[in-house]
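For reference, the structure is listed below as structure tokens.
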């Protein structure tokens, strides 16, 4: 994509001395460590999770309590997961959060990267570090920190509005909670995404800008018509990262849960998985929901890639 | 390029799927017994000071050495215990909450201790206490501490506002109204929806039976008449703004308790220790009283919280483990240690008798009748049966009632919805249910 614009020095095709063929098994030998790890820690657990998702616990034997045994049940865990209204509202919460978090994160990351790339910008190294630092703060710490800034009893923002007689800001009520939740991940995620986009901007050869300036383009025009189209691959990458990150929302709501009754145990799908696995002791249901979520992530990522691919190839032709 | 993308997608999918597969990590391994006949037992417990109690046992029992691990309290350790047990490496002994014991029995975690429990041990427990660990006539654990429900309140502030200590829930409601009138920023109590144990306790006090067994069949009564009346009563107080429904034991609640904005906590006899920890500024200003009653003149209360020690099926030394569990919880020394070192209210009668001679908790140093009041309260408790899916009820209760409060819908409808969820879960599991 960018390669078409990069001036290339013609490579001189060096004729290599033809080597004697090594044994055919050599590539497999080198692949082996990766393959063994992949099979042990990826393939086997996935198969186990899929197999587990087809089981259920039933009570057998006499007495009042009986004994719990695992039996095969087919797809019933999938049926009950997909018809569970709590899961549906969980996806609803996730959607609202993602709609705020993903575009704002990417928008701010792009904006900051472009601003830092302007030749006249000063103190760029400091600004870049300052914007990046929140990414180094562990997610749970960030959620706790923001939680205290949101809680009516401890929030300095609410102190100000209270002093003005406006009452405390409903950070942890609906619908404010979605913005509050998104804000935590935006705060943490902008720096990382900015670095990716900024690095990509730095890779653009300076002669393109020179040509644009000679044609009378100002910095704004250069940014909109040259820089942004050229960093589209980096934007696609960060979009996919952010989207997958949004689907895996778990740490922030779990950390904020004790602070507000708004967040239920099934507020987002991953919390439902945790509840099934560790609170109500229903591992098969947790496995089924995990498979659904994993497939959903694949489909969504594929759709995003498909759309952006068509766009970029359309732009090229 | 395309292939790479598919691999990348597969990788993201796997990471999500791995979440579940990753939960089979084990706990402690089973205890090996050496040739000399020396036995080592692993013991999980969250009670403070357990390491000291264990050290005392180890000194006097060189052949049965106990190794203590704090695996986290209540909810956390019950999930860990289940997982460890399924992997075949549960500790020999573990503390469990009464509420989760039935679900652990169903999962086959504890062994039947009926034959190992001595007559002396049985004699040191009140009938109702032993009933909490007895199912179908089999004893599955040794009760450690009990939590008969009680009210702790800020005697200094209630006195300042000239509010009498409520003895009935109606009086409690009137007192809550008076507190609001005297100081709109204060509240008599916060009773949040995630306190399933509290609502179960006061419903039991009103005559409800959330779970009961008759002729080998279960009946679920979360939405029985008494429970729904309780729901309506507390919704009335919350709707009028007399009580709060904000979460408790959070930084915000702790700060409010510390700054005299929360004036009571209807809970159980373990409450003083908790408040001393989270609201040190208020130490010395509290008093404990019997929990308010639904009918004037009644005195029976339910339990909230409390724990027992079980021996797991993975233990190769059931006899020795049972011996330690009885020493820890039901012997004169053990029960006395639980009181003075772990600062819990012992389940054993001898420990409760010792308590009457002990100084009151630090939270209420001037209340010299603390432990005699406590003994009076615990002498009249209502036995409770917890269902095999208490965990399901617990999460459903918190979530459903939260939603009702948030949407300003009926609390009793929320109780009915929880009932439906619990009955459906029990039927799905294969229990015989009459509902």
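Yeah, the Cβs are placed from backbone N, Cα and C, and that goes for glycine too.
TrEMBL entries are annotated by machine, without manual review.
Sequence annotations record features per position, and here TrEMBL assigns compositional bias 'Low complexity' to A:1-15.
Annotation source TrEMBL lists domain 'ABC transmembrane type-1' at A:91-304.
Positions annotated as region 'Disordered' by TrEMBL: A:1-20.
As annotated by TrEMBL, transmembrane segment applies to A:28-51 (among others).
Nonlocal intrachain contacts for the transmembrane segment (A:94-118), taken as residues 6+ away from its ends with a CB within less than 8 angstroms of a stretch CB, comprise 124, 127-128, 131, 175, 178-179, 181-182, 185-186, 189-194, 196-198, 201-202, 219, 223, 227-228, 231, 235, 238-239, 242-243, 246-247, 249, 268-269. Positions annotated as transmembrane segment by TrEMBL: A:94-118 (among others).
Counting residues 6+ beyond its ends, the transmembrane segment (A:130-151) has Cβ neighbours under 8 Å at 112, 157, 171-172, 180, 183-184, 187-192, 194-195, 251-252, 255-256, 259 in the same chain. TrEMBL lists A:130-151 (among others) with the feature transmembrane segment.
As annotated by TrEMBL, transmembrane segment applies to A:177-198 (among others).
According to TrEMBL, the transmembrane segment annotation covers A:230-250 (among others).
Cβ atoms under 8 Å from those of the transmembrane segment (A:286-307) belong to residues 49-50, 52-53, 77-78, 81-82, 87, 236, 239-240, 243-244, 247, 269-270, 272-274, 276-277 of the same chain, restricted to positions at least 6 beyond its ends. Marked as transmembrane segment by TrEMBL: A:286-307 (among others).
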Within the same chain, where does the transmembrane segment (A:177-198) have neighbours whose Cβ lies under 8 angstroms from its own Cβ atoms, ignoring anything closer than 6 residues to its ends? I mean 6 or more beyond. 93, 96-97, 100-101, 104-106, 108-110, 112-113, 116-117, 128, 131-135, 137, 139, 142-143, 146, 150, 171, 231, 234-235, 237-238, 241-242, 245-246, 249, 252-253, 256, 260, 262-263
Within the same chain, the residues 6 or more beyond the ends of the transmembrane segment (A:28-51) and with Cβ under 8 Å of it are 287, 290-291
